[in-house]
Amino acid sequence: MDKFWWRAAWGLCLVPLSLAQIDLNITCRYAGVFHVEKNGRYSISRTEAADLCKAFNSTLPTMAQMQKALNIGFETCRIGFIEGHVVIPPIHPNSICAANNTGVYILTSNTSQYDTYCFNASAPPEEDCTSVTDLPNAFEGPITITIVNRDGTRYTKKGEYRTNPEDINPSTPADDDVSSGSSSERSTSGGYSIFHTHLPTTRPTQDQSSPWVSDSPEKTPTTKDRASGGRAQTTHGSETSGHSTGSQEGGASTTSGPIRRPQIPEWLIILASLLALALILAVCIAVNSRRRCGQKKKLVINNGNGAVDDRKASGLNGEASRSQEMVHLVNKESSETQDQFMTADETRNLQNVDMKIGV
């Protein structure tokens, strides 16, 4: 029992240590723009996004910088913060990503927790997938920060980058549900107005670093209010169903997302796991102790009659002799039965002879 309580105390001591860790997954840089994910997806607030980019010696990208990154191949289906907006930057249409739209897909709400995009002005102008090995602008702190690059290399550093106390010690769970990583995109919460831009279906012959808004009014993406009678068209998106309806022409639309679920604190999950493990160990120890107590020991009495091996040999000989005696007894019983039958027949014959003589 003492061991059980000792292990439980040791597990409780490990809980805060396991929580004082931050994993930052980063992608390749496209014209200086890259995507950052913290501890799974969608766990970065607006204020933390700015602090995180600053720690990487970067800033939140502008719309023009995002569009330039898309022009050279940057694509992801993840919601993230940029300067003044929350965007999804898909290149190819996908029914479960930005409602089948392409370009810089903008959500007007920026109050929830998402991932973030950062822009490093000193990065190469094209694609750059070299590993990031440092968080240069992080300051001293107790947090273990691990940078996970696209190729799987990991670099760990002790420190802190968050300056907002609400980001360091959140008092309430995030508004949006945090889901595990996948290539598909979750739906945005209901009531958001969404704007988007279009990429051309074929690449133009002119310089691709030109502004993302065309000068010609025919090609300029427009934003129109498609509400009719006080009702706006609704786009229903879901990761699981993959169906979407509504406008895809750049008009304002709203999306309805899945039901929000409260987050379970990590320390509670770890504590429950430790308690379950301790309970299993306690049951195993109790069963093992009971089994040992219930075992029967075989008592061997020698009485000075030689070694145990000699007694085993004599016991085997005795068993053989007893089996032979049983065979003799069976043979003897069968012969006695035959003699009894013969005596009875002779007696009947003599009686018949006497009766004949008497007659």
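Every residue, even glycine, has its Cβ placed from backbone N, Cα and C.
Note that the structure is a prediction, hence the values are computed from the model and not measured.
Residues or ranges marked as hyaluronan binding site in Swiss-Prot: Arg41, Arg78, Tyr105. The compositional bias 'Basic and acidic residues' annotation in Swiss-Prot covers 156-165, 216-228. Look at Swiss-Prot and you will find 179-193, 233-251 tagged as compositional bias 'Low complexity'. The N-linked glycosylation site annotation in Swiss-Prot covers Asn25, Asn57, Asn100, Asn110, Asn120. Summarising the annotation, Swiss-Prot assigns region 'Disordered' to 156-259. Per Swiss-Prot, region 'Stem' is recorded for 225-266. The signal peptide annotation in Swiss-Prot covers 1-20 and is backed by similarity to another entry. Residues or ranges marked as topological domain 'Cytoplasmic' by Swiss-Prot: 288-359.
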> What Cα-Cα separation, expressed in whole Å, is found between Asn57 (N-linked glycosylation site) and Arg41 (hyaluronan binding site)?
Replying inline: 22
> Which of the recorded positions Asn25, Arg41, Arg78, Asn120 has its Cα closest in space to the Cα of Asn100 (N-linked glycosylation site)?
Replying inline: Arg78
>> Give me the CA-CA distance between Arg78 (hyaluronan binding site) and Asn25 (N-linked glycosylation site), in Å, as a whole number.
In response: 13
>> Suppose we draw a 10 Å sphere around the Cβ of Asn100 (N-linked glycosylation site). How many other Cβ atoms does it contain, all chains included?
In response: 17
> In whole Å, how far is Arg41 (hyaluronan binding site) from Asn120 (N-linked glycosylation site) when you measure between their Cα atoms?
Replying inline: 22
>> In whole Å, how far does the CA atom of Arg41 (hyaluronan binding site) lie from that of Asn25 (N-linked glycosylation site)?
In response: 10
> Can you give the mean pLDDT for the topological domain 'Cytoplasmic' (288-359), rounded to a whole number?
Replying inline: 60
> So how many other Cβ atoms are close to Asn57 (N-linked glycosylation site), meaning within 10 Å of its Cβ?
Replying inline: 14
>> To the nearest Å, how far is the Cα of Tyr105 (hyaluronan binding site) from the Cα of Asn25 (N-linked glycosylation site)?
In response: 22
> Under a criterion of Cβ-Cβ distance under 8 Å and sequence separation of at least 6, what residues of the same chain contact Asn25 (N-linked glycosylation site)?
Replying inline: Val36, Glu37, Lys38, Val148
> Using DSSP, would you call Asn25 (N-linked glycosylation site) helix, strand or coil?
Replying inline: strand
